[in-house]
C-alpha cells in the first residue's frame with residue numbers, strides 16, 4: 001500500500017525552550033532518595049468503535065497482569081479506505097477534562113505493543129490523577145491493516161505510513177470519546193515509536209491545532225540506531241522462535257535482560273505472543289520483525305535533525321550517554337532539548353524504570369503547560385488601569 005502523502009506543513013517554529021542544564025544522570029541511590037521525598041489526511045468514514053470497559057468495583061478485581069489494572073478502556077477502531085481495511089487497537093484512560101488535558105499519547109517500539117506502556121501509565125496516573133493516557137498499537141503489533149481485495153495483511157512499514165496510522169488512531173479515539181478536539185498533549189515514543197512521534201511533531205503538528213505541548217523520545221537517536229541495525233538480524237536469529245507458555249516467554253525476557261522489570265514483563269510480554277497456527281500448543285511472536293528489515297534504515301535516517309526542529313518542547317531519555325550522536329550533542333549544549341540519562345535501565349527504559357520515567361514526563365508536562373503560565377498584563381491593560389508605563 002502506498003503511504004498517503006503527509007501534509008507539508010510549513011510554519012514558524014516554536015520558540016526554543018530555555019536552555020537546560022547538562023545531562024542529568026540519575027543513579028539508583030539518587031532515585032531511591034528522591035522517591036522517598038515528596039488532522040488526518042486519511043478517510044474517517046467509519047468511526048464506530050468496539051470498546052471494552054474496565055469492570056465495575058462490584059465485579060471481581062482483575063489481576064495485575066490484565067489491562068484493566070492499567071487502563072480504563074480497550075478500543076478496536078475500524079477504519080476503511082479504498083486501499084485498506086483496518087482495525088486499530090489502542091488502550092485508553094481518558095483525561096478527566098479533555099479541554100484541559102493533559103493527554104499522554106504513547107507509541108511503542110518495533111515488536112512491542114500498547115501494553116509496553118502499562119506500568120508507566122499506572123505510575124503516571126498516580127502522579128497526575130486527572131491525566132489521560134492513550135497507548136497505540138502499530139499495524140501487525142495489535143492493530144490489523146488488510147488489503148480489501150485479498151484480506152491479507154499489508155506489510156507497508158514506511159515511516160510516513162506508520163505516522164499516518166498513528167495520527168488516524170488518535171483522531172478515531174478523539175471521535176469515539178466525543179472530544180471536541182485532541183486535548184493538550186505530550187507525545188511519547190520508544191525506539192521506532194520515537195521516530196513516529198518525531199514525524200508527527202514535524203510534519204503533522206497542525207493536526208493537533210495548538211494543543212501539541214511537546215514530545216518525549218525514549219532511548220533512540222539516529223547515530224546509534226543506524227549503527228545497531230547491523231546487529232539486528234543476528235539478534236533476531238538468536239531469539240527463540242516459540243515458547244511453551246507465557247511464563248517461559250516472560251522468564252526469557254528477564255533472563256536475557258531484554259526487560260529488567262518482572263512487573264512490567266508480566267503485563268507486556270503476553271501481548272507479544274499468539275498461538276502457533278501449525279501447533280496450537282506453542283506460542284509464537286505476533287510480529288514478524290524480519291518483514292520490516294528493509295524499512296529499518298528509513299525509520300531513523302534524519303531523525304536527529306527532525307527531533308531538534310519539531311514543534312513543541314523536547315525531552316530525550318536515554319539509557320546511556322554513549323547513545324548521543326554529534327548533532328544531538330550540539331543541540332543539547334545549545335539548550336534545544338532536555339536530556340536525562342538512566343544508566344541502570346536497559347533499552348526499554350519506560351518498562352525497566354516505569355516510575356522514574358513517569359515522574360520525568362509528568363515534570364516535563366508541568367514545566368511546559370501553557371495553561372499554567374501567568375503572562376504579564378499588556379500595555380493597553382496597564383493604561384486602562386491608570387498605570388504609568
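Backbone N, Cα and C define each Cβ position, glycine as well.
Annotations in TrEMBL come from automatic prediction, not curation.
Quick caveat, the model's predicted, so the values are computed rather than measured.
Counted within 10 Å of its Cβ, the other Cβ atoms near residue 191 (active site) come to 25, all protein chains included. The active site feature in TrEMBL is assigned to 191 (among others).
Positions annotated as active site by TrEMBL: 219 (among others). Secondary structure from DSSP puts residue 219 (active site) in coil. Around residue 219 (active site), the same-chain residues at least 6 positions away in sequence with a Cβ under 8 Å from its Cβ are 190, 191, 194, 317, 318, 319, 323, 345, 347, 348, 349.
Annotation comment: TrEMBL describes 347 (among others) as active site. Over all protein chains present, the Cβ of residue 347 (active site) has 21 other Cβ atoms lying within 10 Å.
According to TrEMBL, the feature compositional bias 'Low complexity' maps to 33-49.
The annotation compositional bias 'Polar residues' is assigned in TrEMBL to 54-65.
As annotated by TrEMBL, domain 'AB hydrolase-1' applies to 105-358.
Per TrEMBL, the feature region 'Disordered' maps to 1-65.
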Per-region confidence, the domain 'AB hydrolase-1' (105-358) (mean pLDDT, whole number):
95
